[in-house]
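Quick look at what TrEMBL lists:
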- C:20-448: domain 'DUF112' (DOMAIN)
- C:20-49: transmembrane segment (TRANSMEM)
- C:61-82: transmembrane segment (TRANSMEM)
- C:109-135: transmembrane segment (TRANSMEM)
- C:147-163: transmembrane segment (TRANSMEM)
- C:169-186: transmembrane segment (TRANSMEM)
- C:193-216: transmembrane segment (TRANSMEM)
- C:316-335: transmembrane segment (TRANSMEM)
- C:355-379: transmembrane segment (TRANSMEM)
- C:391-411: transmembrane segment (TRANSMEM)
- C:417-437: transmembrane segment (TRANSMEM)
- C:444-461: transmembrane segment (TRANSMEM)
- C:473-497: transmembrane segment (TRANSMEM)
Amino acid sequence: MNKLLLAALVTGALFTPALAADYTIMAPAGPGGGWDQTARTMQDAMQTEGISGNVQVTNVPGAGGTIGLAQFATQENGNPNALIVGGYVMVGAILTNMSPVSLDNVTPIARLTGEAVALVVPANSDIMTVDDLVAKLKADTGAVAWAGGSAGGVDHIAAGLIAKAVGLDPTQVNYIAYSGGGEALAAILGGQVTVGVSGVSEFASQIEAGELRLLAVSTDTRVPGFDAPTLMEAGVDVAVQNWRMVAAAPGITDEQKAAITADVKAMATSATWKTALETKGWVDTYLDGDAFAAQLAADTEATEAILKDIGLVQ
Amino acid sequence: MTTGSSSRERRPDGAALVIAAILAGLAVVIFWQTSQMRLPPLQQRVGPTVFPYVIASGLVLLAIGTVVSAMRGSFPERSKDDYAPIFWIIGGLVGQIMLLSVAGFSIATGVLFACTAKAFGRGPIWQTALIGAVFSFVVWFIFAKGLQLSLPAGPLERLLTTGSF
Amino acid sequence: METFDLLAQGLISALQVHNLIYALIGVTLGTAVGVLPGIGPALTVALLLPVTYKLDPAGSLIMFAGIYYGGMYGGSTTSILLNTPGESASIVTALEGNKMARQGRGGPALATAAIGSFVAGLLATLGLAFIAPFVVKFALAFGPWDYFALMVLAFVTVSAAFGDSALRGLTALFIGLGLGLIGIDLQTGQTRLAFGIMDLLDGIEVTTMAVALFAIGETLKTASDRDQVNAEVTAVKGSVWMTLEDWKRSWAAWLRGTFIGFPIGAMPAGGADVASFLSYSAEKSFSKKPEEFGHGAIEGVAGPEAANNASAAGTLVPLLTLGLPTTATAAIMLAGFQQFGLQPGPLLFANNAPLVWALIASLLVANFMLLVLNLPLIGLWVRLLTIPKHWLYAGILTFATLGTLGANGAMSMGFGPVRISFELVLLLAFGVLGYLLRRFGYPIAPVVVGLILGPMAEQQLRRALAISQGDLLVLVQSPVSIVLYVVAIVAVGLPVIMRMRGKGGVLSQLATDED
C-alpha cells in the first residue's frame, strides 16, 4: 500500500503542470458540441479579457458528460486550476447511468447560460393551445406521440413533468427519442408524431417560417422574440430549463473557491462573453454562490423524482 | 487446433471451427447480458431487448453455417502467415498504451514506431526508436500546439516546450 | 430550373479561394492514400476528423469529398502497376490493367483509367445534382417505417453483394450489428452490453473501429504476409499516350461504366466493387475482342474504373438525401457531418442548402483537379510506391493512434500509477479483429456498415412501432416501404439467378484474387 502511495506521489509530481496554464477547462463532450463551445468561449473570453494568461481546453466525451465528470473528480482533487463545464443533462445522466461520481463530488461555481424547452406542433395540427394538448393526453395518453431528444434528457423530463402536472401517469407517456431536436424535426413536420419537445433554438427557424406552432416554453419567464406563453401561464405547473454551468475540482479551499468564482464572474460579465452569447444565441442566466447551490439541489431532487416516475431510474 | 475428425480426405477446417465457436460464444454473451437487463415500465412495444435477441439468434445460425462450411472445407485458401511481425506490432501497440501516461506521446509512440519498423525487418531498434520519437514529437507539436488536440504530454514534451519537467 | 440556380450558387462558393484550397488538399491527399497500398479514403477521412473540428464545416466536408474522389482515382494506379489493389473497388482494374502494364502499355492503362474516372465523375456528379432534389422531396415524407425498410434493403444488398460467400458477408455484418448494440439505448436510456465500463456507455466509436480495421488490420496482414512484403512495381514503359484505337475502344466503355456505376451507388445497394465487377462482365460481353480479356484488354480497365468512380458519386445520393451511408467511407463522412452538428437527410437540403450545393459543386471542381493531378503528374504518384514499407507502416500506425487519442483518447483506466486509454485498447482489439477477418477471407465493409446501420434500423423500427402503438402492419402500409421490400427481395434473388446462369465464375475468381 505504501509503495502504491509512493508511486502515486511520484507520478503526481510528474504530472503537476508547469506554471504555464492558469486554467484547464474540461469539456466532458466531444469537440463541436454545446459544452465544448461553452468551454472554448470561456477560454477565449478569459484570455482576451486578461483574466487568465493561458487557458487550455481538454475534451473527454461520453455518456452525457459522466465519463469526463468521473475523470475530473478523481484526477483533479484539490487542483485550483481545473474547471469543468457541465449542465442539466449531466444531472439526468448521472442518475440513469448509475454514475459512481455525481455533482456532489465537484465544486459547482456558477450557472452560465440556459435554454427553454419548447412545445411545438405542425402548423396544420388541430392542437391550438396547451389546453388542447392536455385534453388529448387525458383522452388517451398513449395516443399522443412526443418526439424529442434522448431518453432521460431534459426534453423527456419536460414531457414527463407535464403529464405528471396534469394528473396523468408519466410512464404512459408515448415518448419517442431522437438523438436531438433537429433530428426529430422531420417526424414533427411530417405529422408522424403529435407534438415535439426540445430546445427553442432547435425549432426557431421553423417557428419563424410558420411551419411549426409554438404552444409554450418551459422557463418561468417568456422567451424574448417568441409569441408564446410559459407553461405556468398556460396552466401547467412546470418550470424547467436546460442550463450550462462551470464547476471546480473537489477538495479546494474556500479561498480558492472564492478566487475562482471571482474569475468566472469577471469572465461572465465581460464584453467578450456577452458578444459571444449574442452571436451564438445563448441566454445569459448567470447565477453563483448560495443561490446557485440551492437551485442545483432543487433541480437534482426534482429530476431524480421525475426520472423515477417515468421509470428510467429505480 | 486439432479437431479430432473422422474423415481423412476432407479434413474439416480447424480454424473455421474455432471461428464458429467464437460466434456462438458472442451469441451466448449477448443472450446472457440481455437477460440481465432491467426493463423500465415504459410505453415500449418493442423494448431494448428485442434487437439483442434477434442479433444473437442470427449469430447462432451463422455459427452453425460456419461449422457446415468448415466440414465441407469450403473456406478460401489461406496464405502462410508469418506470426513474428504480428507479435512485434501488437507488442509495440501495448507498449505505447502502457507508456503514454508516464512517458508522453513522443516516447511512447517512438516505441510503437520502432516495433512496427522491426516487424517489416528494419532495425536496429535503438535507431528506429530514436527516429520514431523525433518524428512523433514533431507530429505532437503540430497537432497539440498547432491544432489544440488533447494529446498526452510527458517529460520530453514539457522539457522541449517549457524548458522544465 | 431551380437546380441550375442552386448549382451555380454552389459553384461560386466552391470557386472561392479557401474552398479551392480545401478541395486541392483533399484530392491530393486522396490520390496519395489511394495510391499507397493499405490506406484508403475511409481511413484517411477517419484520421482527419479530429483535426478538422475547428475548421470551417463546408471546407472540411469539401476536403473529405475530395479525399473520397481522389482515393478512387489513386486506387487504379496501384492496381495497374503493382497488382495489389489499394481498395476493393479496384480489384477488377488489376485484372486487365496489370496485364497491360506488363506488356509495356502501363501508360495507356493509367490514362484510360484517369480519363474514364473523369468522365464518370463528371456525369455522375451532375446526376447527383439533378437527382438529389427529387429524392429529397420524396424523402421529406418518409416515416420511420420507410427508413426501416430502407435499412433492411441496405443490409440485404451489402451482405448479399459479397460474391460467392453470403455466409462470410453476413457474418461480418452480424459482428458489426452485435458491436452496434453496445451502449446506452436511446429510447429507454438503459445500458446494454457495457460490462460496467464507462467508456462503452456511448457505444463503439465508428472512427476508432474504422481506423482499427483498416489501418491496424492491414498493417498486421501486410507484415505477416510473406508474399506481399516484396511486391514488385511494374515500371511504366513505352508511350504513355492512348492511341486512336485505345480511344475508340475506351469511350463507350467509360459511358457504360458510368451508367452501371451511378445507379448502383445511388441505390442503397452494394458499393463500388459490385459496380466495377458488373461493368467488367458487361465489357467482356460487349467487346469485339473478348479473347483479349485476361491478357490486357483496355475496355476492362476503362469500364470498371468509370463504374467505380460513378458509384462513388452515386453513394453520395443516399448519404446526403437520406443520411444513409452504404460504404465505409460514406459512413465516416456521416460522422464528419455529425461532428459539425449537421444531420444529413432531407432537412439538410432545406436548412443548409448553401453548404450542400457548395459541396456538390466542389465535387465538379475536384474532378477537374484530379484529371490534372493524375495525367501529367502520374510519375510523381508512382514514386510514392517506392517508400519503404517499414517507414510507411510505422508512419501509418503513428497517425492511427494519434487520431484515436485526439478524438477519444482520455486516460480513463488505471492500474496503480499507470493510466491507459481505453480507446487505444479498443483500437488494438479491433485491429486484431481486422487482421483475422482478412486472414479468413471475410469482407471488412459490412462490419462498419453494420455498426452504423444496426442502431439506426433498431431506432427506426421502435419509433415506427411506438407511433403505431404496437401495430406491426404499420411497417408495410406505406407505398415506399412496399417498393423497398420488393427491391430487397429482387436483390437477394438476382445473384442467385446470375450464378445459375453461370456468371458466378468471375465472382469467385474475384474472391480468390482478393486474398
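Every residue, even glycine, has its Cβ placed from backbone N, Cα and C.
For the domain 'DUF112' (C:20-448), the predicted model reports an average pLDDT of 82. Of the recorded ranges C:61-82, C:193-216, C:316-335, C:417-437, C:444-461, the transmembrane segment (C:20-49) has the largest number of C-beta contacts under 8 angstroms with C:61-82.
Counted over residue pairs separated by six or more positions, the transmembrane segment (C:109-135) shares fewer than 3 Cβ pairs under 8 angstroms with the transmembrane segment (C:391-411), which leaves the two as not touching. Ranking C:193-216, C:355-379, C:391-411 by CB pairs under 8 A with the transmembrane segment (C:169-186) puts C:193-216 at the top. Outside the transmembrane segment (C:193-216), and at least 6 residues removed from its termini, the chain residues within Cβ reach (under 8 Å) are 38-40, 42-43, 46-47, 49-50, 179-184, 328, 331-332, 335, 396-397, 399-400, 403-404, 407-408, 410, 412-413, 422-423, 426-435, 437, 444, 447-448, 451-452, 455. Tertiary neighbourhood of the transmembrane segment (C:473-497): same-chain residues 138, 142-143, 145-146, 148-150, 152-153, 156-157, 160-161, 267, 269, 461, 464-465, 467, 507, selected by CB-CB distance under 8 Å and a gap of 6+ residues from either end. Proximity of distant same-chain residues to the transmembrane segment (C:444-461), defined by a Cβ-Cβ separation under 8 Å and at least 6 residues beyond the stretch ends, is recorded for 42, 88, 144-145, 147-148, 151-152, 154-155, 158-159, 162, 169-170, 172-177, 179-181, 186-187, 203-204, 206, 209-210, 213-214, 217, 271, 324-328, 331, 334, 433-434, 437-438, 475.
Remote same-chain partners of the transmembrane segment (C:417-437), defined as residues 6 or more beyond its termini with a Cβ less than 8 Å from a stretch Cβ, comprise 172, 175, 197, 199, 204-205, 208-209, 211-221, 224, 400-401, 404-405, 407-411, 443-444, 447.
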